[in-house]
Amino acid sequence: MNLSSSPPHAHKLKRLLATSDSYSPMEKQGKFTALFISWLLGNGSLFSWNSMLTIEDYYAYLFPKYHPTRVLTLIYQPFALVTTAVLTYHEAKTNTRLRNLAGYTLFFISSLALVVLDVATSGKGGIGVFIGVCIVSAAFGTADGFCQGGMVGDLSLMSPQFIQSFMAGLAASGTLTSALRLITKAAFENSQDGLRKGATLFFALSAFFELLCVFLYAFVFPKLPIVKYYRAKAASEGSRTVAADLAAAGIEAAPDTGTEEDPKRLERLSNKQLLAQNIDYAVDIYLIYVLTLSIFPGFLSEDMGSHSLGSWYALVLISMYNVWDLIGRYVPLIKCLKLTSRKGLMAATLARFLFIPAFYFTSKYGAEGWMIMLTSVLGLTNGYLTVCVLTDAPKGYKGPEQNALGNLLVAFLIAGLFSGVSLDWLWLIGKGW
């Protein structure tokens, strides 16, 4: 097909793909806006769930017999894992735009449902209300399965900086919700129904923020020039997952006419081949989250004993974890501090298992300061290693392969979360349930 006979949208696509290594000014345009929106979308991928975790003191008050922090997390994770696994298996044929919009919309509806549930029951506890909260937790897990793998896969075919910004946003959601919870707890501490007022305000803010994420992903992000460039490049390499996003940006991927001349151009490695080549990265990301979730948040919120900080102690520990997790995700931006050795990443990941005896003995014999320090280091290493793995692994692959690898790594990440949450219950054995 001659260029002159191509449809108008095809001209635009070919112009965007005229160069792959040296971007024109228009192709660079919108980079910082894209980084900021990636950060906001990362924040939105966990904001609602972190809100639920952060108000654990309210749920512990409402449902003192049901171990709400552990139960809600244990319900959340299987739904996130199964959803992620199914969508990862069908990744090559999945409409990424529809997947991500469905996830953020479900987050919005579920956050709103918690507000309605609390208002409808007048803030009362009981098994019926707890089951309702558990259903919302399952909905959050499903939404996470849609969003996190979809976004990491989508950003993997763009720039490592976008992945770093998205992952920093994930951590920032924990820091932001912790800060808001400390503020609302202090503001309402001496008022009647103070815990309930703070929790209701929390989920109203969550619902608003998730609605903002739906708007940003649907109408702003796909129209940024640099985003259009990367997605058009991926489409030229055979990716079918970006077609809807390109259409939303006013670009229609032209039918490929170069396949007969170069049949290998659109070939890609299978998921099995990608996993075989990156099994160490997959094991790294799995073990990072097995260790972290076996300690955070269940152990930190229930196994701290009596301390001078009282009800503030668990909130302080969770807040310190979230702050240092966020800091850790920015450390790899300093090139000399970024760990790129695959053996080094594996060694650092395995070394983190020393946290288990460290937390056990510190909780029994250590002062509050030592526990706060340990929690901070746990968060720092979690964020740092996560970004190192997810930004290095996709390098050197075609767009469709990067998308697939991003989905695979998130599947292992969520499998690690689920395993860690399950192992977290072992801390109760020593307490006699």
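Positions of Cβ are set from backbone N, Cα and C atoms, glycine also.
These figures come from a predicted structure and were not determined experimentally.
With a cut-off of 8 Å between Cβ atoms, the residues of this chain six or more beyond the transmembrane segment (32-51) that come close are 76, 103-104, 107, 110-111, 140, 143-144, 147-148, 151, 155, 161-162, 165-170, 172-174, 176-178, 202-203, 205-206, 209-210, 212-213, 216-217, 220-221, 224, 226-227, 322. The feature transmembrane segment is assigned by TrEMBL to 32-51 (among others).
According to TrEMBL, the feature transmembrane segment maps to 71-89 (among others). Long-range Cβ contacts of the transmembrane segment (71-89) within its own chain (Cβ-Cβ under 8 Å, at least 6 residues beyond either end) map to 49, 52-53, 59, 99, 133-134, 137-142, 144-146, 148-150, 271, 293, 297-298, 407-408, 410-411, 414-415, 417-418, 421-422, 424-425.
Residues or ranges marked as transmembrane segment by TrEMBL: 101-120 (among others).
Non-local neighbours of the transmembrane segment (126-146) in the same chain are 45-46, 48-49, 52, 59, 62-63, 66, 68, 71-73, 75-84, 86-87, 99-100, 102-104, 106-107, 109-110, 113-114, 117, 414; each lies 6+ residues outside the stretch with a CB under 8 Å from one of its CB atoms. Per TrEMBL, transmembrane segment is recorded for 126-146 (among others).
If you look up TrEMBL, you'll see 166-188 (among others) marked as transmembrane segment.
Residues or ranges marked as transmembrane segment by TrEMBL: 200-221 (among others).
Under the heading transmembrane segment, TrEMBL lists 281-300 (among others). Same-chain neighbours of the transmembrane segment (281-300): 53, 56, 69-70, 73, 275, 314, 317-318, 321, 342, 345-346, 349-350, 352-353, 355-356, 359, 363, 375, 378-379, 382, 385-386, 389-390, 392-393, 408-409, 412-417, 419-421, 423-427, counting only residues six or more beyond its ends whose CB sits under 8 Å from a CB of the stretch.
The transmembrane segment annotation in TrEMBL covers 312-332 (among others).
Per TrEMBL, transmembrane segment is recorded for 344-363 (among others).
Look at TrEMBL and you will find 369-393 (among others) tagged as transmembrane segment.
What TrEMBL lists as transmembrane segment is 405-428 (among others).
Per-stretch counts of Cβ pairs under 8 Å to the transmembrane segment (369-393) identify 312-332 as the leading one among 166-188, 200-221, 312-332. Among the listed stretches 166-188, 200-221, 405-428, the one sharing the most Cβ pairs under 8 Å with the transmembrane segment (101-120) is 200-221. Remote same-chain residues near the transmembrane segment (405-428) are listed as 70, 73-74, 77-78, 80-81, 84-85, 87-88, 91, 144-145, 148-150, 152-157, 163, 271, 274-275, 278, 281-283, 285-295, 298-299, 302-303, 386, 389-390, 393-394, 397 (criterion: CB distance under 8 Å, separation of at least six residues from the stretch ends).
Long-range Cβ contacts of the transmembrane segment (312-332) within its own chain (Cβ-Cβ under 8 Å, at least 6 residues beyond either end) map to 50, 53-54, 56-57, 164, 167-168, 170-172, 174-175, 177-179, 181-182, 185, 296-297, 300-302, 304, 338-339, 368, 371-372, 375-388, 391.
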